[in-house]
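Engineer: I have a structure here, written as structure tokens, and I will follow up with some questions on it.
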Amino acid sequence: MSSSLISTSNGSPACGDHHFTSEPTSIHSALIEEIHDIPMKDISRPLPSTLDETKVESIIETIQTMNSDRLPPIDVLWYEAPNSGNNYYFAMGGCHRWEAHKRLNLPTIRAKLIQTTLNDLKVYFGSSFFNLQ
């Protein structure tokens, strides 16, 4: 992956969707410029979302009538298992953008990858943590 990835030890599980802006959506990815098209099927969303239907419908309309590039990318935690080299992707926020892409059956979503550690993931998931190989 890119050297522009930064490590983080604190993150926000909140849905901080602020669409139609070119400003960073979080402090975690503010220094990351590289945007990736990540397959939706590869990203886990371990936290349940509380959705505002009006926001989801607005984002769907934007994607259908304009260009999804107008939406800020979601932040995705990226962990590469050292022994296997397997990549794991976790989205904690961006729930409205995620849901709009899901409802439209889009294969990918624009994301900024935030490299994370196994210890950070244990903090995020607590007792719900599972073995990543």
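Here the Cβ of each residue, glycine as well, is placed from N, Cα and C on the backbone.
Copied straight from TrEMBL:
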- 1-20: region 'Disordered' (REGION)
- 1-12: compositional bias 'Polar residues' (COMPBIAS)
- 31-131: domain 'ParB-like N-terminal' (DOMAIN)
- Gly94, Cys95, His96, Arg97: ATP binding site (BINDING)
Engineer: Reported in the order helix, strand, coil, what are the DSSP residue counts of the domain 'ParB-like N-terminal' (31-131)?
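Structural biologist: Counting residues per DSSP class in the domain 'ParB-like N-terminal' (31-131), I get 39 helix, 25 strand, 37 coil.
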Engineer: I'd like the number of other C-beta atoms within 10 A of the C-beta of Gly94 (ATP binding site), please.
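Structural biologist: Cβ-Cβ neighbours of Gly94 (ATP binding site) within 10 Å number 29.
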Engineer: Using a 10 Å radius around its CB, how many other CB atoms surround His96 (ATP binding site)?
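Structural biologist: Its Cβ has 26 other Cβ atoms within 10 Å.
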Engineer: As a test of reading the model: what is the averaged pLDDT for the domain 'ParB-like N-terminal' (31-131)?
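Structural biologist: Here the mean pLDDT over the domain 'ParB-like N-terminal' (31-131) amounts to 89.
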